[in-house]
Amino acid sequence: MPDNTREGSSARFVDGAIPAGLLAAVRSQRPLVHHITNGVTINDCANITICAGAAPVMAEAPEEVAGMVAAAGALVLNIGTLSAAQVEAMLIAGRRANELGIPVVLDPVGVGATEFRTATARKLLDTLDIAVLKGNAGEIGVLAGTGGSVRGVDSGGVAGDPVETARECARSTGTVVSMTGAVDVVTDGSRVFLVGNGNPAMDRLSGTGCMASSVTAAFVAVAEDYAVASAAALAAFGLAGEWGAAGARGPYTFRTALFDELAGLSPDDLAGHARIEER
């Protein structure tokens, strides 16, 4: 067997069969992913969920979310375009998901930009059992309390080491943290996974962060280890971005290619090209 441990380092690369097996499970089980998400990217999130191999539902009326989430394999809460009614729906659905053991993925879009947004993210974290907190570096830095810069919904980065910021956030919130960036960082506060798949074109298209949360939810719906599943999801999404960017002429040809590449991604493709390093 080849040695996949870097010389002089405790880091090792995760066997590609692991993310490949999770992608195969998503495709075979086709879990329902319930989204309470933002109005800007809702259609893209629904379609990327289908491309990953899962099934989306976008119900957010407080009167029906408890019933809808009961049929789901995972729940996504995305605070991109907040309202009081939507927050109520998130709390109702989140509590019901917790009762049923359904994993909840929280995307704290733009946390730190306004008091309402920040208070909502903290309320969801304090009230619900969040399985995965998926955000960019600025958002995770804000929630970690270590310093993060957010302008609108865009990240300005973190003040310190990204890995330690993500680790601190995971420890303080009790969640798996999935922090996207040039290199994605996934940690449960102890283990750290660095995901090297992706392309800068993904940063130039609105909604890729939200879509990453949808793909993450599809993977955690079929997994017991949410950190590994989150890393596998980002590797799959990032690989689709790499391959989609290769022939794209601009943001909208890239957008189409991103969907097409994820839909066409096979477990063997992911096994051979996922770049996930464990520390």
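Glycine residues also receive a Cβ, built from the backbone N, Cα and C atoms like all the rest.
Database features (Swiss-Prot):
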type: BINDING; residues: Met58, Gly207; note: substrate binding site
type: BINDING; residues: Lys134, Thr180; note: ATP binding site
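Feature map: Swiss-Prot annotations on the structure.
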| residue | record | DSSP (3 states) |
| --- | --- | --- |
| Met58 | substrate binding site | coil |
| Lys134 | ATP binding site | strand |
| Thr180 | ATP binding site | strand |
| Gly207 | substrate binding site | coil |
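Every protein chain considered, the tally of other Cβ atoms within 10 Å of the Cβ of Gly207 (substrate binding site) stands at 19. Cα to Cα, Thr180 (ATP binding site) and Gly207 (substrate binding site) are separated by 13 Å.
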